[in-house]
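Engineer: Input: one structure, supplied below.
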Amino acid sequence: QEHAYPADELMPLTCRGRVRGQEPSRGDVDDALGKFSLTLIDTLDTLVVLNKTKEFEEAVKKVIKDVNLDNDIVVSVFETNIRVLGGLLGGHSVAIMLKEKGEYMQWYNGELLHMAKELGYKLLPAFNTTSGLPYPRVNLKFGVRHPEARTGTETDTCTACAGTLILEFAALSRFTGTSIFEEYARKALDFIWEKRQRSSNLVGVTINIHTGDWVRKDSGVGAGIDSYYEYLLKAYVLLGDDSFLERFNTHYDAIMRYISQPPLLLDVHIHKPMLNARTWMDSLLAFFPGLQVLKGDIRPAIETHEMLYQVIKKHNFLPEAFTTDFRVHWAQHPLRPEFAESTYFLYKATGDPYYLEVGKTLIENLNKYARVPCGFAAMKDVRTGSHEDRMDSFFLAEMFKYLYLLFADKEDMIFDIEDYIFTTEAHLLPLWLSTTNQTISKKNTTTEYTELDDSNFDWTCPNTQILFPNDPMFAQSIREPLKNVVDKSCPRGISRAEESLGSGPKPPLRARDFMASNPEHLEILKKMGVSLIHLKDGRVQLVQHAVQAASSLDAEDGLRFMQEMIELSSQQQKEQQLPPRAVQIVSHPFFGRVVLTAGPAQFGMDLSKHKAGTRGFVATIKPYNGCSEIANPEAVKEKIALMQRGQCMFAEKARNIQKAGAIGGIVIDDNEGSSSDTAPLFQMAGDGKNTDDITIPMLFLFSKEGNIILDAIREYEAVEVLLSDKAKDRATIFKGKMIPNYIIDSS
């Protein structure tokens, strides 16, 4: 409220609101923003869980008075449904509960529900497709097909985008008695079920909304599919419709057969489910152990959760994606709550205090590494600890809720959480909706093609009496073998792709062994349907045409070879790139909390070898471009010099400031508005000559990050920074120095 209201999100580094159109576009991420005070709506029911009833009452009044849903803005149907429609319905659910208790919200008359219904009608135009699958985006004011809508040309949507609507839409129908919402959401789910790959019972990641053809044919339990599975099981819990449970169990059987490779969950091809589709996992799959708890399948939930926890212990946070041998694949972490969610559900199911320790670690890491003066900042890179100017609404909607519930006793709660089901955004919907306004005739469309092992139906909701026959060590005995699974020293088990070859023939050619000059290798490629194209610049390009392979087995070998080749080339590219560096502001009032992502230099001190980094006060040089002799050496001596990019080589700037006595340099981009949020990492190249004479560290900041330092100089004059390969925690920075009390208190 203090910094960002009524914006959709808080920008925690610059302490202002993120308003769409006023900040550089971040692409699809911005589709969640609709100028409808997103974070406020998403956080309503969190306030009641946290027992902040007065604040909830004020927040609801603000939403009713200030929020406008009729904006000419294109938003994601999926995000708007789970965050805004879900937020309004969750707010309404707890508002009527409080009103009934007789102390708070006595004035409330369903205003949030009226807004939810208005928003529901604004999302309906997206469903105007022959398949019933919604368009991925809708204009809140003009819908989809209207000439001013600026959307409606898309052909694809993700499975989760179309399959994560039933809880909110059915709740809206049940609360209001208007059946159309539930009907539309059911139709979309029915269509996905019809289009599942019949031989594997898996679904792909993206689907054509007009034809129903799978566009991306890989399948997993992470991004793009995750909450589709979650909503099938939860739709059964909330609506009591057996067909949803049968569908879920059919899919679950396939997931455990093909995707689950304990403790890993690996994407596979829907048509060839024994073939892994990639060698990395994304962080969204962290929700899956929680869903397994709801299903009652505890052992694999404990195993996957433990593996994820080992990754977190290594990097402080779960990177957005990591490889099967637990290296970082995508280094960002936008403070996602899925792991905390699974931790909460595992604690509920096992009562094992180990999961309280896990929760404590999560809270300590958030306070230590993500907390900044105006909130909590997403991690730009878990390896360096640098921040992004971003705090998504789900952080307050979900992370705070699950962590509070993990530690809350029954007497800490003003209502019984067991009376509600959580949506995928952790909004609360009351279970009594299952018997209200049942306007849909239940027809069972599932059984006709389900042939399942009956043991799949043995359990649906966890019953601790059966799961843990008086054995408090049960969960620990499952975790124990996984304790060192992430350790570098631990040899990687062979992958299923390799295993399936077993004692049979080994792959005819591995990507790492391939040589374009070896005629024997070229012969093998030909057999696998892979052809070699020589490019003008001397490089070679590989193309596979499965139809040209000698047999279907050879074609499969060819596919595997191509995948290995892609992995190998992306690994080599990564190895050529220097990792990002960190600029940490350590002086008052930042005290190490603000960490900026910096580009490295291919010359000067290598900060990865000087772990302590270089610490000093900053000084702006004259001339600001640093391209000639420094005119203010007395100001620069023993300081870290700030200069602007442009007009000469980076190495020349470095030599000039080194000569003036600087102990390090920061080059700030001259392209106004550039930011590490939207631009790829930048490396400063040498000048083609020997640069061994440059011994000081040099780092590059984009304009937005550079301005954070320049603004700090304007406000506080003396600004001290630490240049390092990885942000240091505050205990290390202030070793032997006084830390202000409030820094200690809040961390």
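Here the Cβ of each residue, glycine as well, is placed from N, Cα and C on the backbone.
Annotations for this protein, taken from TrEMBL, read as follows:
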ACT_SITE  Glu79  active site, proton donor
ACT_SITE  Asp226  active site
ACT_SITE  Glu320  active site, proton donor
ACT_SITE  Glu338  active site
BINDING   Thr424  Ca(2+) binding site
DOMAIN    621-708  domain 'PA'
Engineer: Distance check, please: Cα of Thr424 (Ca(2+) binding site) against Cα of Glu320 (active site, proton donor), rounded to an integer number of angstrom.
Structural biologist: 18
Engineer: In the domain 'PA' (621-708), how many residues does DSSP assign to helix, to strand and to coil?
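Structural biologist: Taking each residue of the domain 'PA' (621-708) in turn, the totals are 20 helix, 15 strand, 53 coil.
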Engineer: Would you count the other CB atoms within 10 A of the CB of Asp226 (active site), including those on all shown protein chains?
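Structural biologist: Counting Cβ neighbours of Asp226 (active site) within 10 Å gives 25.
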Engineer: How many Å separate the Cα atoms of Glu79 (active site, proton donor) and Asp226 (active site)?
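Structural biologist: Each residue's Cα considered, Glu79 (active site, proton donor) and Asp226 (active site) end up 14 Å apart.
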Engineer: Measuring Cα to Cα, how far is Glu320 (active site, proton donor) from Glu338 (active site) in Å?
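Structural biologist: Given the Cα positions, Glu320 (active site, proton donor) is 12 Å from Glu338 (active site).
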Engineer: Can you tell me the mean pLDDT for the domain 'PA' (621-708)?
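Structural biologist: When the pLDDT values over the domain 'PA' (621-708) are averaged, the result is 93.
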